[in-house]
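A quick write-up on the structure given underneath.
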Amino acid sequence: MKVQPGLSAEFRVEVGATDTAVAVGSGDVAVLATPRVVALAEHATVLALRGRLSSAQTSVGIEVSVRHRRPSPPGTVLTVAARLAEVDGPRLAFRVVVHDGDLPVADGTIRRTIVDRASFLARAGER
């Protein structure tokens, strides 16, 4: 299947109490935690690739650069989007953005690489 620049995915999510910095242990304030921002953005990259890889393949994250710009308390509804910006062989670079309406919450780049699922899991099992 073809993986090419322009592939994208977007979803909406409401910030919950379990998404806060207090809940995930990354801080002491009850607003959306940066680790959750990254996880949501990474999920969007996975959605963008859905149905594009063979069943023998998967993609794994290799680099994250995300700027968390503003706090989002529980109840905030966010739009999370990823767009494939660059393909270099198996290496993929996604541009990710998170918005609260018109307000930017986070943006950045997430890099993934396409791997053979069985080989990857075999290497993980060698540890």
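Cβ atoms here come from the backbone N, Cα and C positions, even for glycine.
On a predicted model such as this, the values are computed, not experimentally measured, just so you know.
Look at TrEMBL and you will find 15-117 tagged as domain 'Fluoroacetyl-CoA-specific thioesterase-like'. Here TrEMBL flags Thr34, Glu42, His68 as active site. Look at TrEMBL and you will find Gly61, Arg112 tagged as substrate binding site. The CoA binding site annotation in TrEMBL covers Gly61.
Annotated features, which come from TrEMBL, shown on the structure.
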residue	record	Cβ contacts under 8 Å, 6 or more apart
Thr34	active site	Ala21, Ser26, Val66, His68
Glu42	active site	Gly61, Val64, Ile110
Arg112	substrate binding site	Thr45, Leu49, Ser59, Val60, Gly61, Ile62, Arg91, Leu92, Phe94
| query | For the recorded positions listed here, Gly61, His68, which shows the highest count of neighbouring CB atoms within 10 A? | reply | His68
| Three-state secondary structure, His68 (active site) (per DSSP) | strand
